[in-house]
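**Q** Below are the structure tokens for one structure; questions will follow.
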Amino acid sequence: QVVNYAPFTLLPSAVPSALFEQAYAVQQDFNLLVDAISQNKEFLEHALASTIEVDDFTARLFRIHMQVLEEGLAQSVFLGINRSDYMFDCGVDGTPALKQIEINTIAASFGGLTSRTGAVHGRVLKVLGKSKEASRLLPNNPSKGLALGIAKAWELYGSQSAVVMFLVEEVQRNIFDQRCVENELWNRDIRVIRRRFRDVFEKGSLDDTKRLYMDGQEVAVVYYREGYVPKNYDQQNWEARLLLERSRAVKCPDIATQLAGTKKVQQELSRPGTLEKLLPGRAEAVARIRATFAGLYSLDMGEEGDKIAATAIADPDRFVLKPQREGGGNNLYGEELRQVLEKIRDSPERTSYILMDKIKPQPAMNYLLRAHSPLQVSKCISELGIFGVYVRQGKEMVMNMAVGHLLRTKAIEHADGGVAAGVAVLDTPYLV
Ligand code: ADP
Ligand code: MG
């Protein structure tokens with residue numbers, strides 16, 4: 001009913017080219033890692049054991065995961081679309097380092113809109129008489145790459161008449177971002193339908209070979225742009241999710257891959273030896289991945305958790321306290337972190353959180369343009385995301401790519417929050 005422009009910076013932001021290249025270079029490794037975790041039942045079970053005791057949402061996802069495995073997977077083609085996010089941590093000597101904030105394995109968004117932001121910033125630079133600088137902005141079209149992955153999965157599913165289903169929210173604020181990907185699929189003569197969990201509950205069904213049907217149409221690929229936070233689910237929606245997961249359709253992501261993207265898994269990956277076990281014989285990939293890790297700490301009950309909790313209470317500004325939630329606005333910082341951690345430090349409730357070192361990037365000035373907000377110059381920091389796409393058929397990886405980037409920028413007074421949370425805005429990297 002109301003159309004606004006997506007928020008954006010007036011000017012592109014400087015990004016160190018070495019770190020930009022490093023982020024691209026590690027993306028295929030992260031694709032392999034996420035895929036390996038999703039196939040490793042023991043690892044997921046072990047990593048999430050303490051969390052599912054106290055976090056109901058993760059526990060419900062995990063139960064579906066186990067149920068589907070017990071029945072036997074009907075799905076044989078797997079499609080991952082993720083976005084690995086980074087900030088540029090400013091060391092004591094002023095040298096910036098690439099540090100991963102998180103990896104999003106479900107509903108990673110803005111691949112569509114960001115395929116257009118480069119053109120906006122190119123025009124702004126030209127208006128300012130900076131044509132040379134405008135010509136240096138990089139081409140970037142993640143929506144095309146995401147569609148390539150979806151199209152490949154659709155093709156391997158092997159039914160010409162089957163459709164791709166975008167699973168979308170009840171209220172859709174970010175529809176145009178999704179349309180960019182959808183259009184790429186129509187251009188390849190692949191039919192796309194958009195449905196909600198509620199529609200799946202009412203009209204979805206499986207045949208005796210677990211093929212998924214919606215309104216009589218066979219569905220080859222389910223692309224989730226929904227289903228990543230508790231408020232997306234009521235009892236019917238959980239049933240719909242289970243139906244989808246049990247089906248033969250390619251889920252992007254399947255529930256195991258969604259679990260691979262939890263904050264708890266991220267923290268467990270940082271334990272010595274874990275990456276080596278998940279990616280045997282890939283020492284170089286392991287080294288590239290590990291180089292991007294910030295300090296991550298478990299709050300599991302026991303001595304290790306007691307110690308780090310005490311450290312964080314004494315010096316909260318060094319850390320971020322993260323629950324198992326997505327979508328921005330859930331993390332705790334500073335005084336609030338101290339208060340919450342003090343309250344739960346002796347209770348198992350603390351295991352629903354992880355602690356992470358706070359990344360401290362060098363701020364830069366920019367203008368943030370947002371509909372209905374006054375224009376003002378702000379001290380800003382940026383977060384770089386790289387989109388990864390992979391397709392696996394049985395045991396064989398048939399596609400593994402980095403397909404584009406996203407730069408989001410926010411004013412430094414906001415500790416947390418993405419574009420959808422109304423804090424960050426779309427930006428374009430200007431490599432320096
Ligand atoms: P979400 O799943 O909610 O997006 P994130 O881990 O990405 O969770 O955190 C949300 C935001 O909080 C990030 O976009 C970033 O601005 C900020 N943030 C998260 N972790 C850190 C960190 N370790 N240091 C500094 N800022 C962080
Ligand atoms: Mg995030």
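Backbone N, Cα and C atoms are what each Cβ position is placed from, and that goes for glycine too.
For reference, TrEMBL lists these features for the protein:
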{"type": "BINDING", "residues": "Arg83, 106-109, 172-174, Gln178, 225-228, Arg408, 419-420", "note": "substrate binding site"}
{"type": "BINDING", "residues": "Glu102, Lys263, 322-331, Tyr333, 356-359, Glu383, Lys410, Asp416", "note": "ATP binding site"}
{"type": "BINDING", "residues": "Glu102, Asn104, Glu326", "note": "Mg(2+) binding site"}
{"type": "DOMAIN", "residues": "162-260", "note": "domain 'Glutathione synthase substrate-binding'"}
**Q** Out of Glu102, Ala107, Tyr333, which binding-site residues have CB atoms lying under 6 Å from ligand 2?
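**A** By the Cβ criterion, which requires under 6 Å to ligand 2, the hits are Glu102.
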**Q** Taking only the Cα atoms, work out how far Gln178 (substrate binding site) lies from Glu326 (ATP binding site), in Å, as a whole number.
**A** 18
**Q** Which binding-site residues, if any, among Arg83, Ser109, Gln178, Pro323, Glu326, Val419 have a Cβ under 6 Å from ligand 1, given in order along the chain?
**A** Glu326
**Q** Identify all same-chain residues not among Glu102, Asn104, Glu326 whose C-beta atom falls within 8 angstroms of the centroid of the Mg(2+) site's C-beta atoms; report them in sequence order.
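**A** After dropping the recorded site residues, what remains is Arg83, Asp85, Ile103, Thr105, Ile106, Ala108, Tyr228, Gly261, Lys263, Gly327.
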**Q** Looking only at DSSP and grouping its letters into three states, which state does Gln178 (substrate binding site) belong to?
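**A** Note: Gln178 (substrate binding site) is helical by DSSP.
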**Q** Provide the three-state DSSP residue tally for the domain 'Glutathione synthase substrate-binding' (162-260): helix first, then strand, then coil.
**A** 41 helix, 26 strand, 32 coil
**Q** Can you tell me the mean pLDDT for the domain 'Glutathione synthase substrate-binding' (162-260)?
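**A** Looking only at the domain 'Glutathione synthase substrate-binding' (162-260), pLDDT averages out to 97.
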**Q** Given the binding-site residues Ala107, Ser109, Tyr228, Val419, which one's Cα is the least distant from that of Glu326 (ATP binding site)?
**A** Tyr228
**Q** Would you list, in sequence order, the binding-site residues among Arg83, Tyr228, Val419 whose CA lies within 10 Å of the CA of Glu102 (ATP binding site)?
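**A** If one measures from the Cα of Glu102 (ATP binding site), the binding-site residues that come within 10 Å are Arg83.
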**Q** For Lys358 (ATP binding site), what is the secondary structure state per DSSP, taken as helix, strand or coil?
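**A** The three-state answer is coil.
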**Q** Show which residues of the chain containing Arg173 (substrate binding site), separated from it by at least 6 in sequence, have their CB under 8 Å from its CB.
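**A** Listed in sequence order: Ala420.
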